[in-house]
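Per TrEMBL, transmembrane segment is recorded for 66-83, 104-125, 131-151, 163-180, 192-210, 222-243. Sequence annotations record features per position, and here TrEMBL assigns region 'Disordered' to 268-299. The annotation compositional bias 'Basic and acidic residues' is assigned in TrEMBL to 289-299.
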Amino acid sequence: RYLRTLYLGLQSRWQAEHRRRHFYWRMMFESADISMLRLLETFLKSAPQLVLQLSIMVQQNSIEPLQGLSALASLVSLAWMIASYQKVLRDSREDKMPMSYKGAVVQILWHLFTIAARAIAFALFASVFQLYFGIFIVTHWCIMTFWIIQGETDFCMSKWEEIIYNMVVGIIYIFCWFNVKEGRSRYRMCIYYIITLSENAALTVLWFLYYDRKTTSDFDALILVCVVSSSFALGIFFMFIYYCLLHPNGPMFGPHAGGCIFRQRPAPVPGSPTDAVTSPPRSLPRTTGGERDGAPGERDSCVPVFQVRPCPPPAPTARAPRTEGPVIRIDLPRKKYPAWDAHFIDRRLRKTILALEYASPTTPRLQYRTPGAPQEVLEYETTV
């Protein structure tokens with residue numbers, strides 16, 4: 001995958017002007033897939049190693065230089081990968097504002113300090129209560145997995161694949177917050193961090209009450225407690241900095257929150273019919289559930305930039321015949337995609353549409369299977 005992404009990136013630089021866009025977006029889709037796989041790999045491998053290394057350091061009451069460097073590398077890789085995935089995911093979607101490098105750095109600091117506090121609290125508790133620590137981890141993982149399943153994610157093709165995916169994401173939720181559902185996330189995030197704060201405090205207090213006084217002095221124990229609390233506080237501070245100042249959609253708190261591009265509906269251009277069907281946009285944006293169903297959502301004060309254009313009523317005036325182009329017929333009913341930004345079907349539809357756009361002078365149309373008559377989508381109304 002890395003070599004393929006590099007090849008597509010080079011092709012996007014070397015090809016002619018009309019072919020660069022095709023290879024560029026194929027490169028971005030591959031890059032987002034790589035970031036997702038690396039994120040899962042990092043939390044399945046580096047996170048347990050970090051807790052194990054810190055627990056050994058606490059039990060031995062000493063830190064070897066190579067051991068400390070390894071633990072620091074594991075911690076940085078966790079924070080780096082989750083911020084990197086968020087940036088690459090936004091860059092691969094034209095309907096999302098790209099994340100700035102300042103925002104990515106602040107996201108790294110946010111996750112760095114919150115994961116550090118979480119891992120140190122785990123290590124302290126595991127150094128004294130090994131069996132109870134295992135019970136706690138399994139319990140927390142089960143609760144988080146059921147919470148994710150209750151959110152009705154839609155990432156995989158089958159129900160059981162979706163459950164396995166939710167179980168893997170539940171492992172990420174042991175250490176940090178990871179949004180898996182489109183829409184408002186501040187309330188879910190607040191609930192998660194309240195639970196995390198309570199667990200960190202309980203684990204640290206229990207360790208402070210029962211730690212071995214022979215190997216660890218009271219001063220060192222107090223320092224460790226202060227490190228856990230201050231690290232978590234710094235992480236929450238950088239989280240507020242990100243959402244208040246550096247979020248791509250604009251400040252998420254305050255009177256100007258919302259991230260709207262247009263505050264009022266732009267006036268129509270004189271002399272042009274409002275229902276004229278022009279060439280569909282070459283970008284492939286995601287249509288949110290609120291825009292698709294007509295229900296008020298998070299951005300209901302914004303003008304929807306991309307939406308399904310209703311079929312115009314028959315007019316007495318003659319219209320120029322629309323140029324027929326390729327039609328992608330999908331043997332699936334149109335589904336609602338409320339959760340994930342990189343759906344299995346969407347990725348392959350995107351690549352197919354890009355290939356057909358490159359080979360055909362007209363933009364392809366999408367046609368889904370419906371219980372009644374086939375329904376054609378004149379403009380992109382899927383998550384692609």
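Glycine is no exception: its Cβ is also placed from the backbone N, Cα and C atoms.
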CB contact flag for the transmembrane segment (163-180) and the transmembrane segment (222-243), at least three pairs under 8 A: no
Contacting positions for the transmembrane segment (66-83) when only residues 6+ beyond its ends and CB under 8 Å are counted: 35, 38-39, 42-43, 46-47, 49-50, 53-54, 56-57, 104, 107-112, 115-116, 119, 175-176, 178
Chain residues outside the transmembrane segment (222-243) and at least six past its termini with a C-beta under 8 angstroms from it: 58, 103, 106-107, 109-118, 120-121, 124, 193, 196-197, 200, 204, 208, 251-253
